[in-house]
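Undergrad: What follows is a structure written as structure tokens; I'll ask about it next.
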Amino acid sequence: MSAYDLVVIGTGPGGYVCAIRAAQLGLKTAVIEKRATHGGTCLNVGCIPSKALLHASELFADARDHFGHLGIEVGTPKIDVAKMMAFKDEGVSGNTKGVEFLLKKNKIDAIHGTARIAAPGQIEVKSEDGSNQVIEAKAIVIATGSVVAPLRGVETDGKVVVTSDEAIALPAVPKKLVVVGAGVIGLELGSVWRRLGAEVTVVEFLDRILPGMDAEVAKQFQRILGKQGFAFKLGTKVTKVETEGGAAKVTIEPAQGEGEAQILEADTVLVATGRIPYTEGLGLDRIGVKLDERGRIETDAHFATNVTGIYAIGDVIAGPMLAHKAEDEGVAVAEMLAGKAGHVNYDVIPSIVYTNPEVAAVGKTEEELKAAGTAYAIGKFPFTANGRAKANGTTDGFVKVLADAATDRVLGVHIVGPHAGDLIAEAAIAMEFGASSEDIARTCHAHPTLAEAVKEAALAVDKRAIHM
Amino acid sequence: MSEEIRADVLVLGGGPGGYVAAIRAGQLGLDTILVEADRPGGTCLLRGCIPSKALIHVAAKFAGMEHAAREPALGIGLSGPPTIDLAATMLWKDGIVDRLSGGVTALLKRAKVRVIRGWGTMRDGKTCEVAEADGSTTTVRAGSVVLATGSEPAALPSLPFGPKILSSTEILSLRERPRRLAVVGAGYIGLELGTVFARLGTQVTVIEAADTILPGFDAELAAPVARWLEAAGVTLHLGTKASGFRETEEGVTLALARGDGSVEELTADLVLVAAGRRPRIGGWGLDGLPIDRDGPFVRVDETCRTSMTGVYAIGDLVGEPLLAHKASAQGEMVAEVIAGRRRRFAPAAIPAICFTEPEIVSVGLSPAEAAARGLKTKVGRFPFAANGRALTLEGGRDGGFVRILANAADHRVIGVQAVGTHISELSAAFVTAIEMGAVLDDVAATIQAHPTLGEAFHEAALAALGHAIHA
């Protein structure tokens, strides 16, 4: 039994990237994964499969709703859910096999089984066949990610009342879908089934959708989703879900104050009220690794837990539950363990909602700036005034640039609109450089691109947009 | 009837250079007149970038449906192959052009720019005579003049434009899909429009005098496009000139002269001549002005001043690259210069995009250009085949990649290029990095959202540093 320099528990985007970076830097590295395939939530049941379904369902909705006026005749398209799922599965397997290949290429030992940290430097792995082995490591990185948060009083059964894990694999289009939670996951998966013909009602406890994102963007986005046929019950809580004969009755009440209960009927109920860190079975309490009040592993600025030699990254620690945040932390902790200076800039982590149109953001929202008492200037530009958006027939939404009122430094960029997820890359790069809105405004943007709207929003900060 | 009016600034030409110059001048409080013979918008908006992108959009959607009908891998089932009603498509496209041109008119009005619709002829460096449609003439006298007359399709002596030999202008308004289309010139205009018609089911043949397609982009970038064209059934005749033609009942028969001296005939219903564009220097009085030239272009300094005091020139008229966004950037700058601000036109990079399938983006120097300048460089490449987002968008199988080029000594990024499906919107991230003076390590340290195509930019920088994660 040889000791490893590093053992990473979990091969989601945080874990496998951490292992690869460590191996690149010469550390003898192993990973432990409970699932049969690598890639974690993101590749297996999260980002990648949902994006594949979003892509396919968007094409279908396009064909059904938007082709006539373009001069394209397609008759009435039909959806074959099984085939769409096969396309998704192909994308997932391509990605997870890719990770397997990368681990091999970097000479990382991949061990399949469930890990329990017996002591600092010692991990017990229980394989599916019941065999046990003990692995020794100078450093352990916990990258076990997160799982779907349960909703109090609501039991999921994986068939009628489901989580995102099953909502990416429904066997047929539900006639009526109730989504509990108007966050990223609920709205993305709600979009998939809405486009395929489901009646979708989204129930949200707060009085707004996309909590945490810029309120103005969320408001506009809600309007757009409304036009697509989404129904919203905001400021509403689910008190009970009863299932009978393959259907559900969802009881809802006003979140605050008195009000009458109402019953929503559904074929499928998607519980998407968030995710919680996953540390079950790791044995953390036994070895004394401290968790915070929300069950997240406490770490210092170097991702070290309070127990020497044990580190943690990704969804299992504080911060946004985003694959790219986990990856960056994985790289940083690997570099630190190899004696280099790793660093994560938490002020510039972009986030994206892959609906149609997309929503993307980086930096501070208006609400955050107000709360912090920062004086700021706003520049906004609508996609209705952008040539490429017009040529593509996708003019819903706008770009909003928030800049420091005194220094003009860009503090946040918020986009609801076509390809917002691609456009946010420019904003993130500019913000990494501490760019001013004038820097973005003076950068030559190609014509005709949607990115010109980012430039115009930057110009609008100084009240001198050209095309508005 | 003749009238004489005065203004601070006269802009001749209402394309993306001219109208932006006029709006910016108006914003800065200058009394501005824009002279334009057509609706505002210029080549770009009326018969170039915008209508072509609208058709590219429709053709891509159509192709997606053909694919779905043939091989319903996405689970979208059609009762039969899709059909195209090109007249309806053109109506949709015309609607977009109308709205955008109308929008520019409104913007000019809001900036208090006076627009005179008519053909302007410069009489001297401060005077322009405008012949209007109703036969009247207006004489405009201005303190500063901005020449923004743009460019026009270059005709080939062997293939004069006619009813069956078209420029990009006419082909963007075809009401019926030709069965066979010959495209002369494999530059970006020829290939973008050739791709549109190939996707709509036209049999497309491309004839190019040079030995490669897309002379503006290097071979590595052009290769995925060449592969796509071949797979789409487009025939390429490289190293071949269209030396003559005769009209027949069937259409047009071209004589194709190869480099080895052999000649072959090719019959098509229509011919698109896309042999480049040349500055529009005739017909508006330039010859009567003592203005220096630079080859076919008007010579300007870095503030877009011509050799004549008070006369500025911008856009396609003043040289390569002939791109709308370069013209707009110069227009914005020239208005500020006229308003007394200290500005010069010195962008670190001007992005160029080719909207073929897959798309190509080029910003800054290519490896060959860097080598020609004697620069020692580090190059990093990352394939879209290893990018999760590309796979979910059915991309990644087209041989696409991102390529980043940096000085070997200090890692300063000097060029970024990419080829791949849906990658045109990455151009802004590339150009921003170069404008900010990024080094490879900066691009590597910037978090890109997952799953996005932009992750390939991050990985390319890592690759140049020797440690890509996903390759």
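Including glycine, each Cβ sits where the backbone N, Cα and C put it.
This is the feature table in TrEMBL:
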- B:8-331: domain 'FAD/NAD(P)-binding' (DOMAIN)
- B:C44-B:C49: disulfide bond (DISULFID)
- B:K53, B:G120, B:T149, B:G150, B:S151, B:D316: FAD binding site (BINDING)
- B:350-461: domain 'Pyridine nucleotide-disulphide oxidoreductase dimerisation' (DOMAIN)
- B:H450: active site, proton acceptor (ACT_SITE)
Undergrad: Provide, as an integer number of angstrom, the distance between the C-alpha atoms of B:G150 (FAD binding site) and B:C49 (disulfide bond).
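TA: Each residue's Cα considered, B:G150 (FAD binding site) and B:C49 (disulfide bond) end up 14 Å apart.
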Undergrad: Could you check which of the recorded positions (B:C44, B:C49, B:H450) sits closest to B:G120 (FAD binding site), going Cα to Cα?
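TA: Nearest in space to B:G120 (FAD binding site), counting only the recorded positions, is B:C44.
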Undergrad: What does DSSP give as the helix, strand and coil breakdown of the domain 'Pyridine nucleotide-disulphide oxidoreductase dimerisation' (B:350-461)?
TA: 39 helix, 33 strand, 40 coil
Undergrad: May I ask for the distance between the residue listed as 'active site, proton acceptor' and B:C49 (disulfide bond), taken between their Cα atoms and rounded to an integer number of Å?
TA: 31
Undergrad: Using C-alpha atoms only, work out the spacing between B:C44 (disulfide bond) and B:S151 (FAD binding site) and round it to an integer in Å.
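TA: One finds 10 Å between the Cα atoms of these residues.
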Undergrad: Could you give the maximum C-alpha to C-alpha distance in Å for the residues B:K53, B:G120, B:T149, B:G150, B:S151, B:D316 that bind FAD per the record?
TA: 30
Undergrad: List every residue in the same chain as B:C49 (disulfide bond), at least 6 positions away in sequence, whose Cβ is under 8 Å from its Cβ.
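TA: Those within reach of B:C49 (disulfide bond), by Cβ under 8 Å and sequence separation of 6 or more, are B:A324.
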Undergrad: Might you list, by sequence position, any residue in that chain lying six or more from B:T149 (FAD binding site) with a Cβ less than 8 Å away from its Cβ?
TA: B:L12, B:G13, B:P279, B:R280, B:I281, B:W284, B:L317
Undergrad: Just to be sure I understand the packing, how many Cβ atoms besides its own are within 10 Å of the Cβ of B:K53 (FAD binding site)?
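TA: For B:K53 (FAD binding site), the 10 Å Cβ neighbour count is 23.
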Undergrad: Please give the average pLDDT for the domain 'Pyridine nucleotide-disulphide oxidoreductase dimerisation' (B:350-461) in this predicted model.
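TA: Mean model confidence (pLDDT) across the domain 'Pyridine nucleotide-disulphide oxidoreductase dimerisation' (B:350-461) is 96.
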Undergrad: Taking CB atoms only, which of the binding-site residues B:G120, B:T149, B:G150, B:S151, B:D316 fall under 8 A from chain A?
TA: none
Undergrad: How many other Cβ atoms sit within 10 Å of the Cβ of B:G120 (FAD binding site)?
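TA: There are 26 of them.
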Undergrad: Around B:G150 (FAD binding site), how many other CB atoms lie within 10 A of its CB?
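TA: There are 25 of them.
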